[in-house]
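Novice: My questions all concern the structure below.
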């Protein structure tokens, strides 16, 4: 099981003060030493965390393969092609969202996605599509020529939070109208859906990754799904690094995934 560590929120901390530290570039050696397999960054259209300057230096200096998340905006795709990361993961974007909400609609944006994939492939860049665990979306992902899909685990993660933490006693409530019995049932159904989606993806010749909202409490059941080859995790690791340091935070996540 590969672990991609998303370092966007190192840039978020830097940008909170609008200065030049912490520098995301400094994380690269730590990721390598801690056993990460990949560095993941998201070059958003609004540049709210990682900037073009960051992306260029990371792609040029990373010891590890770089997975760049991006929208299907042609201008962004051109930037990705110029930077030549190992992989581009196409994701949906809304400027008003706090974080990526839901997967990319491959059916609705098939033409635009095909154009993006063709351009990326012409620049020797692998393509992954960040999608909900929906059978129609998975089937279409194979048809448009992607090598990989990344299953959106956000619903699973939020159900786990609602069932197992105090999140609904905070301002950041999720699934607050569900009782515990319903939450448990929905969590089981979502995990089964992720398993079934993985099976379908593999049958269609796609590599399957997963990510979004995964943390130290909920990662193990997803890591245990046969057929998932990679997890991309960011916020939880960066948040834990405030208390443990980045290297130890990655090591702990790696141990959970491998255990």
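Cβ atoms here come from the backbone N, Cα and C positions, even for glycine.
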Novice: Which candidate from 6, 202 does Swiss-Prot annotate alongside 17, 213, 234, 235 at the 3-amino-2-oxopropyl phosphate binding site?
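Specialist: Matched candidate out of 6, 202, per Swiss-Prot for 3-amino-2-oxopropyl phosphate with 17, 213, 234, 235: 6.
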Novice: Just jot down the residues in the same chain as residue 150 (site 'Transition state stabilizer'), at least 6 apart in sequence, with C-beta under 8 A of its C-beta; none if empty.
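Specialist: Listed in sequence order: 89, 128, 129, 130, 131, 208, 209, 210, 211, 230, 232.
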Novice: Would you count the other C-beta atoms found within 10 angstroms of the C-beta of residue 42 (active site, proton acceptor) for me?
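Specialist: There are 23 of them.
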